[in-house]
Every structure is written in C-alpha cells, then in structure tokens.
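**Student:** To start, I am sharing the structure in question, which I have written as structure tokens.
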Amino acid sequence: MDIAPTASAAPQNPPPKGPSGKDSATRPGDRIFLGLSRGSGIALLVVMAAIAVFLTWRTLVALAENEGNFLTTFEWSANADPPVFGIAVLAYGTVVSSVIAMLLAVPVAVGIALFISHYAPRRIATPLAYVVDLLAAVPSIIYGLWGALFLVPHLTGLYEWFDQFFGWTGVLSYGGGAPRSLFTVGILLAIMILPIVTNVSREVFKQSPKMQEEAALALGATRWEVVRMAVLPFGRSGVISASMLGLGRALGETMAVATVLSPNFLINVSLLNPGGGTFAQNIAAGFKEAGDIGRDALIASGLVLFVITLLVNGAARLIIARRKEYSGANA
Amino acid sequence: MAKRIDVSGLTAYYGSHKAIEDISMSVEPRSVTAFIGPSGCGKSTFLRTLNRMHEVTPGGRVEGKVTLDDEDLYAGGVDPVSVRRTIGMVFQRPNPFPTMSIYDNVAAGLRLNGSYRKSQLDDVVEKSLKGANLWNEVKDRLNKPGSGLSGGQQQRLCIARAIAVEPQVLLMDEPCSALDPISTLAIEDLISELKERFTIVIVTHNMQQAARVSDRTAFFNLAAVGQPGKLIEIDDTERIFSNPSVQATEDYISGRFG
Amino acid sequence: MEKPPVTVPPSGGALKQPRLPRWAPAGLALLSAGVGAGAGLVFDLASRIQWGLIAAIVYVAATYALTTAVEGHRQAKDRLATSLIWVSFLVAVLPLASLIWETVARGTKVLDGYFLTHSMSGVITLQPGGGIYHAIIGTIEQVGIATLIAAPIGLLTAIYLVEYGRGKLATAVTFFVDVMTGIPSIVAGLFVLSFWIIILDFGYSGFAGAMALAILMMPIVVRSTEEMLKLVPNELREASLALGVPKWRTILKVVLPTAIGGITTGVMLAVARIAGETAPILLLVFGAQSINNNPFEGAQSSLPYYVYEQWANGNEASYDRAWAAALVLIAFVMILNLVARGIARWKAPKTGR
C-alpha cells in the first residue's frame, strides 16, 4: 500500500458540493451525518495539535533541567544528577545514515523503476511491480533482524576491502570488529526505502507522455535516448520527491537502526567503524533505563526528529504539488 | 534526397489480433500519397509499419516486406533506430518535447546523431524552421519552450523537428486533425512545398484534404468490425475522386458510409 | 550473423549497421560472473558481496567497450544504460530475496504447534522452548483496538473531505493528513507516552500502544478512502439526489457501497502496516513474558516486539525464536496484503467504464 502521494491520481470525480456544506444539511439525518464527519476531521486536527503541544511541553520541562547545551553537548547522561544531554551526535548520525541510504537507494530505485516501466517485458514487469509493492509492507523489525544477524557478518570482507583501497581517506577506514556502523545502517536503510522510492518513481515514469516518447523514437533515438529525452525530464521532480519521502522514512526508522548499530556518543570520522547513534535508535535503546528527566529528554530529542521529518516531507509534497501544475500546463 | 517505398504482402498484428492484412503498394518519390478510409481500417497502423514504429506498441508485430529503394526494412540486422532516422514521422497531436526550447526541439534529432558545432546547428534550425514556414513567427523566441506555441505552430514545429534530420521519407499521421481550419491550411501549403524534397505519406480523415494535397490516394476498408483492414485500391488522386474502379471507394467518397 | 552494409546515398546512411549477436549480453554476463568468482577465489575474498561487485563492474565495462568497438558510440551508451539498469535490478533483488529466504529458512526451525500456543512464561531465555501465544494475543488486541479507533475516524474524515469539504477546515485537514503520514512511529509513541503515561499517569498497557498505532493508521485510511470515494462517478450521486434521496442516505446507500471494496482494501493494508510496528509498543506496552488478555491493564507483548526482545537476548535459542516469530509476522502481513489486493481486484470500483 502506497500512501505516498503518487501522482497516480485516479480519474478525478469531485462530487458536486452544495453552495456550502451547511446549506445541504437541513434534515436531521443530514445534520447528524455532516456533524459526525466534520467532527472526525476536527478530531484529527486536535490530535495533531495535541502531539505538538505535549511534545513541546515535555521538551521544555527537559530543557529546564539540562545542564549541558542541548544542541552541542556530546553526551547523553539524562539520568545523572545534574542531567547533561545534547543531540549533536544523534543529529549527525541520523543525517549521515539517512543520506548514505538515499545515495545508495535512489540510483538503484530509479534503475528498477525504469526497468519496470520501460525495459522489462510486460510479463516480467507486472509481477515485479507487484513484488516491490509487497516488499514495501515487510515490517521494519524484520529488516532489523536480518540486518543484525545476516548483513552485518557479511559486510566485514567488503569493509576490509574499502579500507585497503580507500582507507587513506579516513572516512572509509576500518579497524576491524563487527561492522555495526553508520555505513551499515545506511546500507540497511537503503534496502528498506528501496521499495517506496521505486514505487513512486515508477508511477511517475509510467505517466511520462507516450506522445513525446514516440516523437523521440521517430527521430531515430535509441531506447536510452528516449528515456533521457522524454522520460527523465518529465520524471525528475517526481524522483526528487520520491527520494525525499524515502529520506523521511529513513530519518524516523527505529528498530532497524537499534538492532544494527553499536552506539556510542562520539562523532567518528570513519563511517565504517562502529559507533554513533540516531534519534530514534537512542530513544529505543535508552527508554527502559530512563527516569523521569531521562524520558523527558528523550521526548525532546523526538521533537527534534519530528520537526526534521516534517520539513523533509513538506519539501517532498511541495515538489509534487509544483509538478502537478507543471504537467497540467503541458497536458 | 527522396526514396521510393515498395510494400509487398504486409500483415500487421496487435498480439493475436490481425489489424491489416496482405497489403502491397508502391509510394513514388517526391510525391504525396494519401491514405483514406473509415475509422479502424488500419491506415495509421499501416503507416507505422513503414518506419517500424508499429513494433513499439506492446504485442505489435509485422509480416511481409517493406523496401526503401530496394533495401528491406525488416531484414535481419537492420537497426530500427536507423530506419526511423531515415523515415521521419509527424503525429496526430503535436508533441514537442515540453522540457525543451523551440531551438532544442528542432535540434533534438541532430544532437542524437553526433556532435555539431553551434553554428552548424544554428543553420539547420533556421533552415528547418523556414522549411516548416515557422521561422518568422518564432525567430525572436527560439529559447522559449515549444509548449507555449499554438496548436498549429506546435505541429509545424514538429514538422521542422522531423525534417531537420533530412529524412528520405516523411510520414504524417492525421497531422491536422487536432487543428483549426486556418492552421490546417498552413500545414497543407507546407506539404505541397515539402514534396519537392521529400516523399510524403499522409493519413487523413478528411477527403477534401486528400483531394487537395495528394498526388496518389489509397483507400483502405475493413469487411466488418474485428476483421483486418485491407487496401481496396490505390490510384492517382484525380482518378480516385472522379472515377474509382471499385464500388466501395465510390460509396465512401460520396459519403454513403464511413 | 552480420551482413555487409548495403551502400546507399551518403545522406541516408546505411540502415544495416554492424550489431552484436543477440546472445552477446547473456554471454558477457556469464563471462563476468566467471571473472567475479575467479577473482574471488584467487584473491581469497571472504564476502560474496565483493564477488558480485567485481562481476557487475566487469560486465558493465566489457559491454560498453565491446559495443563501442562494434556498434558505435550511441549504441554503446544505450547498452551501458541497459546493463546498468539490469545490474541495479539484481543489486536490489538479491538482498530482498535473501531477507525472505533467511526468514523462511531459519524461521521454520522452531515453528510448530507448541510455539504458537504457548507463552514465554517460565522459560529461561538461554534454553529452547516457549512460544508466541502471548504476543499473538497482544498484537490482535492492540491492532484491533487501533483499528476500531482509526477506521471510523479515518472513514468519516475522508467522507467529509470528498463529499462536504470545502473552505479552510477542509484545506487544513488535508494538509495535516499529509503531515500525519510523515510522523515517525517512535514520535507517535512518544506523544502517547507524554500525554497518557507521564501527564495523565496511566500505566503501560496494550491500549496505550493501540492509541499510538491508531495515530499511525488514521492518515493511511483517510488517504485510501479519499481515493476510492473520488473514483465513484458523479452521475451516481446525482441520480440518487434527483430521486429525492437525502444526501446522507445517498452517501450511505449509494456512494459507500460502490466504493466499499477499495475502502476495505485500504483499511486492511493499513492494518498490515501497523501490525508490524515495534517502536510504539516498546515505549507504551513495555513487553511481557506471560499471557495478559486485558489490553487495558498491565504490560503485554506483541509479535514485532517479541522479535526485538528475543533478538536482544543475544543467544542462539532466542535467535531461533526471533526468526520463527518474524516468519509468523511476515506471513500475517503478507496474507493481509494478498487478501486486501484480492478484494480490490474482485470488487474493483465501478467507474462506469
């Protein structure tokens, strides 16, 4: 199930609306029904408001107690007296692992999407699209279990290799030990967001106008040239927003990170060596031992995560909205 | 510059459905040949077999022979990409690349085929737009998107794009059906000019248009819905419209069906 | 295979150009797989990932080089793109296939009737034994309550948006439904934690988890229901209204029955989605080893939480249980998905086409 705003807009049939919602509700039945449905909409708004209010409230409580700098402290001792905690390491780890995930996943996802929409024979493409849909439904804890017990042991050789050839960069140096590092998290997150990025991109590619593709073909373009002239320019913003939706998922992912990462509160130059942390992972890992202040501190970090994902998702939706106007103008 | 096309025993399918059956005809160089016939008779399908666009449709396949000056388009080892480069096509609805400027649209075909110097491209773009009678209207806004033009201008832009690569043959699939009468007239004038340089094949629903622009006319018909379309006759346009040799042609032309 | 190019006037260019034989890509793929495996053996590379990488690089490079030599620059680019797209497809399929394979292969080890019908009560984590009965109960109750909360609200909100919505309220609701789809599950959990457990001072319970799950579920239901309602053709509504049927009865008797297949599918997919959520359960339900049938009082377990807990125990017996529970969870989610899609196909929205 693809809740992302794929542009797969079904044929729009906006029903006739009365001059205003109120006017049509003259009968008791109508009044009650309108009241119920409007009430549900309002309830939804209330929940959103409550989320913002309560998270902010607990955040303020936590910040009042904090003896460290919330933004720059490299430490999470929220249960100590006095409590000291800061999100610098978490913000770094969250952003780095998600960006790695996006860099790895997006090219591959675009490749698969093109494979399904333009390259594979139809009898392969249809079932493949179906399988990708199903994979999007695999619970994240299962990715986490697989990541921790299968992927991690299989990455050691690859990391030694990276170290051999690129170790001099520092970023890709590897000191041995189980590679429960931010890079591994990035790889796992990439695998996890692959289905959603693929799905959204595929929908966009599928809608690329056939007329322009035929025009390119009739000019004597090869298949790749058709894709470059008539499919990619049309799908670019769709791919960008698909990537942002994937990024939003990666930023908030909890269990897969919690199972794979071996956390510490340092910013490690090497992405391959174990260490670091993410917002969601830190909350899951620290929750059971947290006291009152500890819980509030975790909520404060959750609020930061919330704001970041809101911004990323908002950007994605903005791009999609723009694209709709754009393609409408050329329809 | 222009070549002749010979078709013999051509049958085209969509999956298991036979769309046209056993068509044989010749198209003379530097002339306009019009295809007419009722909806669904396979004129457009046949047109698309002439530059191997038919096989782009899922399930589309072709049997028979199409030769361009004795070279078989469907022989093994022939690259459909080079076929389409040699035989240009203009579509029913104008389809300029929306993300490209007017200039880039015209230059698109050339850019695919290698690197040209800017001055060479400029020359070809100007020559093609002039050839499509569009130069005077767009010369001041070559860098604006092609989608900003009117429908008739867009269609002439597509013609300019097609002739920029100097094809041997130009196929036109109902090029005026989405246009108003004035734009249609402009395109028809253009076709008469272009036939000096190209072999032109045009599919049209409009019999007056066929009579106005074409030298030869081919009439297609189908026995019943679901049956494959067939070529009924092909002859000089004058003859088809005055004294056709088959009764069905006369019935169609005089408006008794279709 | 190749025929000499036919000479044509210079302006046209030959239609026949030298081309690679049809079996070339397959042959190259085999060859590069061989090179990858060979290099892996010779240099004693431990991980198969390296073998695959070498093979992929060799394949792409060889295809490009060979096509440039035989077919020319443009064809080479085309083949390069095609081979990259094939490689990306393989790169993606392998981990996903491995994930399914591992789960099935390792999960079937301890999965049996006993495992499904017993809890972890009194089981020492280092030893084999125990089961997931308590987790299944927990998942069913939590997901059930979440659905009871989220489905009606989501459905009615969608009806409001499609059938009545206009003006500022509808715009706001649409916007915040979008915002809500982006909430990370752990944030939903933190919200219920701050509001229900910290401020209102209730204890950990299945119900607390269900509230967080409901927050995650609502926007999904709204979205899919909205899509389905928009598919109902207007003529149906107008026909009913023209018969003098009040609007609310039109919605209940005409619009909803027409879209019911799609709506059911949407709700089931949403259920499948939240059934796999672990983070809110971790924060709000807390986990338990024994059966607790009461979702409103005391800690419970759930299938995804159980997987996490067994993994965290860190010994072989627990790993076996984790894989088995993962297999049950994945089967549950997949069956829900397949049934939901089946319903969607069976009761495809009648668009009048």
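Backbone N, Cα and C atoms are what each Cβ position is placed from, and that goes for glycine too.
On a predicted model such as this, the values are computed, not experimentally measured, just so you know.
If you look up TrEMBL, you'll see C:136-340 marked as domain 'ABC transmembrane type-1'. Feature annotation from TrEMBL assigns transmembrane segment to C:23-43, C:49-68, C:80-101, C:143-162, C:169-198, C:204-222, C:254-275, C:322-344.
Can you tell me where each of these features sits in the structure?
**Tutor:** Here the transmembrane segment (C:23-43) has long-range neighbours at 50-56, 58-59, 62-63, 66, 79, 82-83, meaning same-chain residues at least 6 beyond its ends whose C-beta is under 8 angstroms from one of its own.
Using a Cβ-Cβ cut-off under 8 Å and counting only residues 6 or more beyond its ends in the same chain, the transmembrane segment (C:80-101) has close neighbours at 25, 52, 56, 59-60, 63-64, 67, 330.
Remote same-chain residues near the transmembrane segment (C:143-162) are listed as 170, 173-174, 177, 206-207, 210-211, 213-215, 217-223, 225-226, 229-230, 251, 263, 267, 270-271, 274-275, 295 (criterion: CB distance under 8 Å, separation of at least six residues from the stretch ends).
Away from its own ends, the transmembrane segment (C:254-275) comes close to residues 139, 143, 146-147, 150-151, 154-155, 163, 213, 216-217, 220-221, 223-225, 227-229, 231-232, 236-237, 240, 245, 303-304, 329, 332-333, 336-337, 339-341, 343-344, 346-350 of its chain (Cβ-Cβ under 8 Å, at least six residues beyond either end).
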